[in-house]
Amino acid sequence: MGIKGLNAIISEHVPSAVRKSEIKNFFGRKVAIDASMSLYQFLIAVRQQDGVQLASESGETTSHLMGIFYRTLRMIDNGIKPCYVFDGKPPVLKSHELSKRSARRATTEEKLKEAVEEAEKLKHERRLVKVTPEHNEEAKKLLRLMGLPYVEAPCEAEAQCAELAKAGKVYAAASEDMDTLCYRTPFLLRHLTFSEAKKEPIHEINTEILLQGLELSIEQFIDLGIMLGCDYCDSIRGVGPVTALKLIKEHKTLENIVEYIESGQANNKWKVPENWPFKEARQLFLDPDVVKGSEVDLKWSEPQEQELVDFMCKEKGFNEERIRSGIKRLQKGLKTGVQGRLDGFFKVKPKNKEQLAAANAKAKSTKAGKQATKGKVGKPGRPRK
């Protein structure tokens with residue numbers, strides 16, 4: 001689910017923390033990718049023209065395999081070395097969120113039964129998409145045959161991605177879940193595994209600049225995330241992004257905020273959930289269950305060509321000519337290796353407050369200018385009234 005409203009806070013207060021780039025700008029980078037999130041995207045997006053998921057002759061879904069194969073090839077074509085990270089057992093504190101998701105699925109299943117229009121049916125079918133253990137195992141097999149490393153996290157994949165980035169094993173964590181920032185990844189990449197056809201730039205969020213711009217410690221940022229709403233507990237009812245940021249700046253900790261609300265001094269519309277486990281949620285972000293980065297050895301190797309063809313073509317029904325062509329791209333990309341980047345020879349100094357304020361003002365001005373220009377576009381040759 002991620003953290004509700006965090007994007008809006010970043011856009012409003014620290015736009016300079018986000019850099020929008022083309023995929024080619026990450027040449028030479030190793031990246032840890034949230035596999036479960038990626039597989040979910042592929043199962044929803046990789047479909048036939050009629051909107052139906054890709055499937056083998058035996059009826060097995062293959063959208064996830066096509067997504068992994070071709071989106072990974074695109075990364076390798078652009079000099080990126082990906083490592084996929086798979087979810088382990090969810091923490092007990094997440095059971096409430098998982099129960100809510102199950103309830104939503106049951107409601108969607110009922111709506112699907114009642115749907116008449118084909119478009120309505122497809123909409124509900126997409127909402128019912130779920131990554132199964134079988135999907136995960138097939139994805140792992142494909143990655144092994146492609147010669148690419150993957151890590152099985154003991155718990156949350158985003159936390160493990162962040163740990164690999166903190167340990168210097170990879171440059172960044174890649175996920176659509178904003179709560180990855182609460183696990184203290186130095187950099188978060190969003191939209192990395194999106195389709196090229198979407199023409200969506202990759203968003204690179206710099207955690208150091210983000211915290212500096214918000215003037216929050218990592219502990220306060222985590223408290224902000226919990227207050228906005230995360231997978232581990234409900235949020236404070238009636239408190240939105242603007243109010244949450246104001247409260248954390250004024251009161252510094254969730255303990256103080258809860259005391260302030262329950263003392264009767266605050267807005268009586270705000271309601272702290274009963275037995276709110278915010279301390280336990282905070283601890284899951286500060287000390288997640290992960291394999292230490294120093295213990296992980298990531299290796300990229302030659303693809304097993306014939307075994308890969310047997311799996312993808314003979315077993316799953318993909319076109320052999322296209323798969324072999326993809327294998328050649330894979331071999332070429334992996335032989336290139338991770339070349340040195342010019343910025344690797346320099347240490348970038350963090351911005352001071354004045355520089356950060358100027359960068360944020362420039363980012364806001366650019367955004368406002370684009371919106372104003374967009375609003376003034378009219379039909380050519382027709383005078384304005």
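Each Cβ is built from the backbone N, Cα and C atoms, and glycine gets one as well.
Annotated features in Swiss-Prot:
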type: BINDING; residues: ASP34, ASP87, GLU156, GLU158; note: Mg(2+) 1 binding site
type: BINDING; residues: ARG47, ARG71, GLU156, GLY229, ASP231; note: DNA binding site
type: COMPBIAS; residues: 356-370; note: compositional bias 'Low complexity'
type: COMPBIAS; residues: 376-385; note: compositional bias 'Basic residues'
type: REGION; residues: 1-105; note: region 'N-domain'
type: REGION; residues: 120-251; note: region 'I-domain'
type: REGION; residues: 338-346; note: region 'Interaction with PCNA'
type: REGION; residues: 356-385; note: region 'Disordered'
Where ASP231 (DNA binding site) and GLU158 (Mg(2+) 1 binding site) are concerned, what is their Cα separation in Å, rounded? 12
Beyond the listed site residues ASP34, ASP87, GLU156, GLU158, identify every same-chain residue whose Cβ lies within 8 Å of the center of their Cβ atoms for the Mg(2+) 1 site. SER36, MET37, VAL85, ALA153, ALA157, ALA159, GLN160, CYS161, SER175, ASP177, THR180
Roughly how many angstrom lie between the C-alpha atoms of GLU158 (Mg(2+) 1 binding site) and ARG71 (DNA binding site)? 19
Taking just the CA atoms, what is the gap between GLY229 (DNA binding site) and ASP34 (Mg(2+) 1 binding site) in Å? 20
Any idea what the Cα distance is from ASP34 (Mg(2+) 1 binding site) over to ARG71 (DNA binding site), rounded to a whole Å? 14
Spacing of the two Cα atoms, GLU156 (Mg(2+) 1 binding site) and ARG71 (DNA binding site), in whole angstrom, works out to 23
What is the interatomic distance between the Cα atoms of ASP87 (Mg(2+) 1 binding site) and ARG71 (DNA binding site), given in whole Å? 20
